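What Swiss-Prot annotates here:
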- K179: active site, proton acceptor (ACT_SITE)
- G76, W78, D99, D115, D139: S-adenosyl-L-methionine binding site (BINDING)
Amino acid sequence: MAKDTTGRLHVQVKTGGKRKLSSKLWLERQLNDPYVAKAKAAGYRSRAAFKLLEIDDKFRLLKHGMAVVDLGAAPGGWSQIAAKRVGSVDGKGKVVAIDLLEMPEIAGVEFAQLDFMDNDAPAKLTAMLGGGADVVMSDMAANTTGHRKTDQLRIVGLIETAAAFACDVLKPGGTFLAKTFQSGADADLLAQLKRDFATVRHVKPAASRQDSSERYVLATGFRGGAKA
């Protein structure tokens, strides 16, 4: 172990055998990330839970009794926070988590293993909720290729699809929150969100790694409304 510039102990992982440098760096980052340790101690499935906690503490998106949709939910960190904040753990609000991957059960969360891009996904979702959603949120990230321009377009395309889904299921006044990355490729996305929502802003919670271009687009005051 070594100490970093703050005086904290820093775990170093040796490269050996078949371990690649990229794997070594990822493992070191995980071992030295305070949010990873905090998530484990709090029983959260991922460090991403703290990102939603920080955003919600500031903007008060999740209120008791709300209906929430978590797109690309696995492993479930955001769904855990939403269930507590809207009261679905106590049967008051409702949280539906959607993912292509299987996800272990979470108290107060209804899970649907499906592709939200399917044409019938909005109808299935509103049937599960018994109506429209108050919040649609997504911490998804597109698979990357290593080619910067291609990756930027993939990321923006995924968010655009998530936003279109949100517009199909949100109630009037609803909220859309999604992960994005700082680039010049999202001008059309932001323009569309500004047409559909009263307020659109970017936020970067402290739990987002500071050396990452990751940030979140937060759109509030949906101007439309889910079809009955």
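One is the number of the first residue shown, and numbering goes on along the chain from there.
Every residue, even glycine, has its Cβ placed from backbone N, Cα and C.
W78 (S-adenosyl-L-methionine binding site) falls within a helical segment according to DSSP. Listed in sequence order, the binding-site residues near K179 (active site, proton acceptor) (C-alpha within 10 Å of its C-alpha) are D139, out of G76, W78, D99, D115, D139.
Here the binding-site residues are G76, D99, D115, and the one ringed by the most other CB atoms within 10 angstroms is G76. For D139 (S-adenosyl-L-methionine binding site), the same-chain residues lying six or more positions away in sequence with a CB closer than 8 A to its CB are A48, K51, L52, G72, G77, W78, A178, K179. Here the Cβ of W78 (S-adenosyl-L-methionine binding site) has 28 other Cβ atoms within 10 Å, regardless of which shown protein chain they belong to. Largest Cα to Cα distance within the recorded S-adenosyl-L-methionine binders G76, W78, D99, D115, D139: about 18 Å as a whole number.
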